[in-house]
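Working notes, structure below.
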């Protein structure tokens with residue numbers, strides 16, 4: 001069952017309108033989800049949140065906002081890819097194991113949303129200062145809250 005040529009123009013028009021509508025609301029929706037994810041992440045105290053991560057936020061003075069989001073997503077992806085099965089993070093109890101799996105799930109969600117805001121395919125990340133994941137997420141949450149307040153006004 002193929003689409004007739006009469007249906008194609010209205011479908012493309014609807015897709016274009018939906019894309020413009022979503023882009024206008026992207027600021028509020030994406031930022032709200034990022035902030036909620038960051039709130040959940042910073043409340044969690046797991047073995048992995050004390051591990052170090054490349055702190056691209058400390059050296060982001062001469063970068064655009066999109067580059068900062070892209071680099072944050074990149075270092076988060078490197079972190080959770082490296083530590084997903086790390087025995088130091090998995091813990092000895094079932095509760096620690098569950099918290100770790102939840103942490104990884106939240107980091108993946110945050111990564112996906114930051115990539116969406118960045119809109120870039122890739123970005124280089126140079127080795128910089130290190131900080132704990134916990135501190136990195138707190139600083140990222142502050143940045144996102146500031147952006148959300150600008151977006152809302």
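Quick reminder: no glycine exception, Cβ is built from N, Cα and C everywhere.
So that you can see what the record holds, here are the features copied from Swiss-Prot:
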| type | residues | note |
| --- | --- | --- |
| DISULFID | 27-151 | disulfide bond |
| DISULFID | 48-89 | disulfide bond |
| DISULFID | 70-123 | disulfide bond |
| CARBOHYD | 62 | N-linked glycosylation site |
| CARBOHYD | 129 | N-linked glycosylation site |
| SIGNAL | 1-24 | signal peptide |
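Feature map: Swiss-Prot annotations on the structure.
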residue	record	Cβ within 10 Å
48	disulfide bond	26
62	N-linked glycosylation site	6
70	disulfide bond	23
89	disulfide bond	23
123	disulfide bond	17
129	N-linked glycosylation site	11
151	disulfide bond	14
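In this structure the C-alpha atoms belonging to residue 151 (disulfide bond) and residue 48 (disulfide bond) are separated by 32 Å. Cα-Cα distance from residue 62 (N-linked glycosylation site) to residue 70 (disulfide bond): 14 Å (rounded to the nearest whole number).
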